[in-house]
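J.: According to Swiss-Prot, the active site, nucleophile annotation covers C395, on the basis of sequence analysis. The [4Fe-4S] cluster binding site annotation in Swiss-Prot covers C81, C87, C90, C168. The S-adenosyl-L-methionine binding site annotation in Swiss-Prot covers Q271, F300, N305, E321, N348, D369. Per Swiss-Prot, the feature domain 'TRAM' maps to 10-68; the stated evidence is sequence analysis.
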Amino acid sequence: MAQFYSAKRRVTTRQTITVKVHDLDSFGQGVAHHNGKALFVQGALPDEVAEVSIIEDKRHFSRGVATRIVTASPQRVEPRCPHYSRCGGCQQQHASPTLQQESKAKALSRLLSKPRGETVEVDDIIASRPWGYRRRARLGLSFQPKSQTLHMGFREKSSSELVNISQCPILKPELNALLQPLHAVLSSLQAVRRLGHVELVQADSGSLLVLRHLDALTAEDRQKLERFSHQYRLSLFLAAESDTLEQVSGGMPHYQSHDLTLTFSPRDFIQVNDDVNQQMVARALAWLDLQPEDRVLDLFCGMGNFTLPMGKFAKNVVGVEGVAALVAKAGYNAELNCLNNVAFWQHNLEEDVSRQPWAVEGFNKVLLDPARAGAAGVMAHIIKIAPQRVVYVSCNPTTLARDSEILLTSGYQLERVTMLDMFPHTGHLESMVLFSRK
């Protein structure tokens, strides 16, 4: 009888060590040192002694998981969410909000200080309540054949599997209260095996729900969903395709910002944390010190989150955005709020904005709010415009540091830095920086 050779699977034994953690990175991992290199520890906090299982050992760093806390930090708190140990939505519920904010501010300071070797201090932190803040969420839906049940929730940590959640304490209370009845009605649908995801949004006009379904819904399923929307007083949208949206009940959503009404589509980007967003916009207005003679350019303007409030104080404001649908919505909101001094344009922001017809008169103040990739291609154009003040709103401190260096080597100085705690209990770090021309 022929025998075939097969290589045996390499057996690896995880090393367990005891370390003292001295720092917390912006992602909520404890930082220690072992064998002359950094060790990032999930579940450990500064000043804690922990037993750690090494799960990854690289040349310059290692990663581990705290298996036992020998000496606990006074900043350690009990996670409020019953799903925290598995759900990948939050990473820092075991740390006090104060420690989370201080650690993110330190990380921001380090990244901004590194390029020039000069210490850049974070002036202050804009924050709000750490629970019940999230006004938007997308929940995955997955039917489990073995148990014949529907799972609804977020991805598991380091996995593509869904954690079936019954509550989420970071959601707005109105949305959190919908989770269990929503799961029940979705589980009762004939199409339960062919559902993609559900989006929940809490607008100032009320709650709304978007259901992505992969097959056509029966009349009975549609009736169930419509009855649910009336019972819970929410606007219902159905999405048979990723690029389609059918409104079944309710009105179009809107939110208030600085005495303005901003309407939006369920698929439009809005800031998740309304309280921090309101403070952020107010801070930007204060830093720009808007005067009646000012001409302001708002780059990556979206649907006018900053542009429209600025229009109340400046002579002219121009918002520029690459997505046509957002430009159209922003223009509609300008008309709705009778802001005749605000204009919106669609433009590829990698191209020279200073040469466009709407830029002929120039701008003395600029605000930009780019995506995570930053605005490297835009910075040279801003320098050509030569505004007196620039406010940079960032969702990625690494690209912020890179783009800041371009301004700092072109006659600008850094005046103020604020950390925005837009997403408590997560590793997301947002910030805003004020630059002025020397």
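Including glycine, each Cβ sits where the backbone N, Cα and C put it.
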J.: Give me the non-local Cβ neighbours of E321 (S-adenosyl-L-methionine binding site): same chain, 6+ apart in sequence, Cβ-Cβ under 8 Å, ordered along the sequence.
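T.: In sequence order, the residues whose Cβ lies under 8 Å from that of E321 (S-adenosyl-L-methionine binding site) (at least 6 apart) are F300, C301, G302, V327, A330, F344, W345, Q346, H347.
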J.: Among the recorded positions Q271, D369, C395, which ones place their C-alpha within 10 angstroms of the C-alpha of C90 ([4Fe-4S] cluster binding site)?
T.: none
J.: Using a 10 Å radius around its CB, how many other CB atoms surround Q271 (S-adenosyl-L-methionine binding site)?
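T.: By my count, 21.
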J.: Based on DSSP, tally up the residues of the domain 'TRAM' (10-68) by helix, strand and coil.
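T.: Breakdown, helix to coil: 0 helix, 35 strand, 24 coil.
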J.: Fewest other CB within 10 angstroms, which one of the binding-site residues C81, C87?
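T.: Sparsest of the binding-site residues C81, C87 by Cβ contacts within 10 Å: C81.
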J.: Average the per-residue pLDDT over the domain 'TRAM' (10-68) and send me the rounded value.
T.: 89
J.: Give me the largest Cα to Cα distance among Q271, F300, N305, E321, N348, D369, the residues the record lists as binding S-adenosyl-L-methionine, in Å as a whole number.
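T.: It comes out at 23 Å between the most distant Cα atoms.
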J.: Excluding C81, C87, C90, C168 themselves, which residues in that chain have a Cβ inside 8 Å of the centre of the Cβ atoms defining the [4Fe-4S] cluster site?
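T.: The answer, listed by sequence position, is H83, Y84, G89, Q93, F154, I165, P169, I170, H425.
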J.: Taking DSSP as the reference, which of helix, strand or coil describes E321 (S-adenosyl-L-methionine binding site)?
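T.: In three-state terms, E321 (S-adenosyl-L-methionine binding site) counts as strand.
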J.: Can you tell me which binding-site residues out of C81, N305, N348 are within 10 A of C395 (active site, nucleophile) by Cα, answering none if there aren't any?
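T.: For C395 (active site, nucleophile), the binding-site residues whose Cα atoms are within 10 Å come to none.
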